[in-house]
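Participant: When I checked TrEMBL for this same protein, it listed these features:
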type	residues	note
DOMAIN	B:54-90	domain 'Nitrite/Sulfite reductase ferredoxin-like'
DOMAIN	B:96-128	domain 'Nitrite/Sulfite reductase ferredoxin-like'
DOMAIN	B:137-293	domain 'Nitrite/sulphite reductase 4Fe-4S'
DOMAIN	B:327-389	domain 'Nitrite/Sulfite reductase ferredoxin-like'
DOMAIN	B:403-549	domain 'Nitrite/sulphite reductase 4Fe-4S'
REGION	B:568-592	region 'Disordered'
Amino acid sequence: MSVSLRVLDDGAWVSVNDAREVSVSELWRLDDPSFCGCELPDFVVENVLDVGADGRTVSAKVYGQCIACGQTGVPGWVPVGRLREGEFVDIDRERVVLPVRRADDDE
Amino acid sequence: MPTDVERWKSEVYGNEIREHLLEFAEQGWDTIPEDERDAWFERFKWWGLYHQRNGQESYFMMRIGTPNGVLTPGQTEVVAEVADEYARGPAENPIFGNGYVDWTTRQSIQLHWIKLEDIPEIFDKLESVGLSTQQACGDSWRNIVGCPVAGKDKHEHVDALPVAMELNETFKGNDDHSNLPRKWKVSVTGCREGCGQGDINDLALEPATKEIDGEETKGFNIRIGGGLSRNEPRLARDIDVFVTPEQAPEVSGAISALFRENGDRDNRYNARIKFLMDEWGAEKFRNVLQEEYVDFELETAGDDLRSEYSYNSGYADGGHSDHVGIHEQADGNYYVGLDVLVGRMGVDDTKELARVADEYGSGEIRITQRQNVIITDVPEEKLDALQDEDLLDHYSPDPHPFMRGSIACTGTEFCSLSIVETKNRQVRYARWLKENVELPAGVEDFHIHLSGCTASCAQPQIADISLRGMKTRKDGEPVEALDIGLGGGLGENPNFAEWVTQRVPVDEVPGAIKNLLANFEERREGDETFREFVARTDEEDLAELVEPEETSYEDPMMHNTKRTWYPYADDDSLDASPAPTHGDGTPIASDD
Ligand code: HEM
Ligand code: SF4
Ligand SMILES: [Zn+2]
């Protein structure tokens, strides 16, 4: 089943199968001390740059900042949801700690 | 790889969108196939329609382009009627009610809660008086901005209005320029005060004089590549070109063609011409323009008037900082600039505005880049009676500086990019500041601009106090917050605000401004302006002067207002949204 993944509205949304699913202004806890030095960066999403799927995991590249220390930038790929039989299943992004796949983990 | 947007544009774009739009309007919003919606919404922007945010599906923001901010006699009334009839939503705004008009920072008009089904009637009404939504959004020539009193101003260098209008005629609906890599914002100014704000536009024509064949010739210098968005603000750069008013359309078209051919269509974040200018520099830009896009020899730049610029400058150099107030025109009549707090006016007031303009002036209204309106052509003998009108109690020609200086963008009420609530919050801030904070002696202009995100639609970076939407935690809970920037302004030496204090919870911002102003007063030398004070103070010291603090100001919108279908609804949860709805406002059942 083909899944359509898109960044919409000039980076305001991740769209999956033509539905807006993940929005800027969410606050994520990232398991990525390398982003800013904070143990669990408290990260506000300001712009979605890219979206992709790796198996059943939908991940996004986003620009934003850690509201604890102010560091801005783009962490690695952050999982934002899963695909089940081609349907998007949300995860509670504002309440769980999200693992981050760094760019150099690619391949 | 071209982006989705570029792919959609290559299929259908420009004028031809209109027939599809009208057909969908005829058939109903829900006949747009679900998997084509995003493509169509992207295209509808070209005809001035911007789909509102999540929870408000099937409702549109509609932008009407008013070149140079001019509404000719009769047009304001039609705008008010259209807003009254079609711009009413399923819920009310607690400050502005239901049915209102937004006067925007690019001298345009925005209406909200527009139904697709009403578009044919709305277009008929607008077009019957010569108004249009064409190219008001989308990747093409946007509404052309300029000095809102062009042709009336006593001191202007050249009357740029005919040039702005000619550019509008030439490039609205022009197939050669209708599909650009990104938005194309143009400013044309002939006055001495810099109120076209050319510095923050993609293409700026600014007043200048050049000696050509021994004759002093009036015309324009050209600057390219300004803009505020995305944490990447740029001032437009001087490309050392002078044009006469007659050459302006040809050279502007050449620059637009250069952008069309060379702008980055693979990455929308890198597409604005400011990034091409970063890459090329002004010299290469001029060379390419001369060699590949213009058939005659371009003149080098003439003498400009930038040292006189006062608009939005933060300097008290005697020039206008805005257009509020009563000013004599070149023809001996007067124009009366009214302060519209955050640019929003209810439909009844807008009707009144049209009536008052008709009764005392010529019926013309002009819109400024500070979200205000101007009644023009008022004979001196009618000024007193005009000032007695009730309308001027609410939209004052002599407002308190905190009212006068406030600008705010759309924010979480309707906009998908937003992080915080904006317009209503800025109204609450301005009212609290007026009641609770003394401005230092003699400070009459004090600009506070609030933008809900880094797109910077409220032009925050060129205010005395710049506010930008953010998030933070307060007592462990996520709350709306603002970054505070200081000392931005245009004028002879424009610069952008420094973001000195970040992520201040929204309920502590009024206290921060209060403390900052007290600190300014204490340290002020002579009668320097706030911008001058900021310019001579270290950034670190400035950060210490901000001092966020809770005060008697209470903010009812601390929570995530984006997670609502409408922040002011009784039940604001996304599940309670009536959207999407049919043309008549009844919900479209999800199994429809
Ligand atoms: C739903 C989304 C948006 C809404 C409701 C919105 C609203 C507005 C409004 C009301 C204005 C002034 C009116 C006018 O253009 O005539 C404006 C101007 C502006 N917009 Fe937006 N906008 C949106 C998206 C964007 C995006 C995506 C960007 C940038 C990537 C952006 C950047 C700007 C800037 C920088 C200005 C003003 C400064 C200038 O003149 O350059 N806006 N917008
Ligand atoms: S500045 Fe951001 S929040 Fe405000 S209207 Fe523009 S895009 Fe929306
Ligand atoms: Zn951090």
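Here the Cβ of each residue, glycine as well, is placed from N, Cα and C on the backbone.
Small disclaimer: the values here were computed from a predicted structure and weren't measured.
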Participant: Please work out the helix, strand and coil residue numbers for the domain 'Nitrite/Sulfite reductase ferredoxin-like' (B:327-389) from the DSSP assignment.
Facilitator: 25 helix, 20 strand, 18 coil
Participant: Write out how many residues of the domain 'Nitrite/Sulfite reductase ferredoxin-like' (B:54-90) are helix, how many strand and how many coil, based on DSSP.
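Facilitator: Per-class counts: 15 helix, 9 strand, 13 coil.
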Participant: By Cβ distance under 8 Å, which residues at least 6 away from the ends of the domain 'Nitrite/Sulfite reductase ferredoxin-like' (B:96-128) in the same chain are close to it?
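Facilitator: 21-22, 24-26, 28-29, 49, 52, 58-66, 68-69, 78-84, 86-90, 136, 142-143, 145-146, 148, 185, 340, 343-347, 350, 367-373, 407, 409-410, 414, 423-424, 457-459, 581-585.
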Participant: Top stretch among B:54-90, B:137-293, B:403-549 for CB pairs under 8 A with the domain 'Nitrite/Sulfite reductase ferredoxin-like' (B:327-389)?
Facilitator: B:54-90
Participant: With Cβ-Cβ distances below 8 Å as the criterion, list the same-chain residues six or more beyond the ends of the region 'Disordered' (B:568-592) that contact it, or say none.
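Facilitator: Residues 28-30, 54-59, 90-94, 115-118, 413, 424 contact the region 'Disordered' (B:568-592) from elsewhere in the chain.
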Participant: Average the pLDDT scores across the domain 'Nitrite/sulphite reductase 4Fe-4S' (B:137-293) and report the rounded value.
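Facilitator: Value for the domain 'Nitrite/sulphite reductase 4Fe-4S' (B:137-293), mean pLDDT as a whole number: 94.
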Participant: Could you break down the residues of the domain 'Nitrite/sulphite reductase 4Fe-4S' (B:403-549) into DSSP helix, strand and coil, giving a count for each?
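Facilitator: DSSP classes over the domain 'Nitrite/sulphite reductase 4Fe-4S' (B:403-549) add up to 54 helix, 37 strand, 56 coil.
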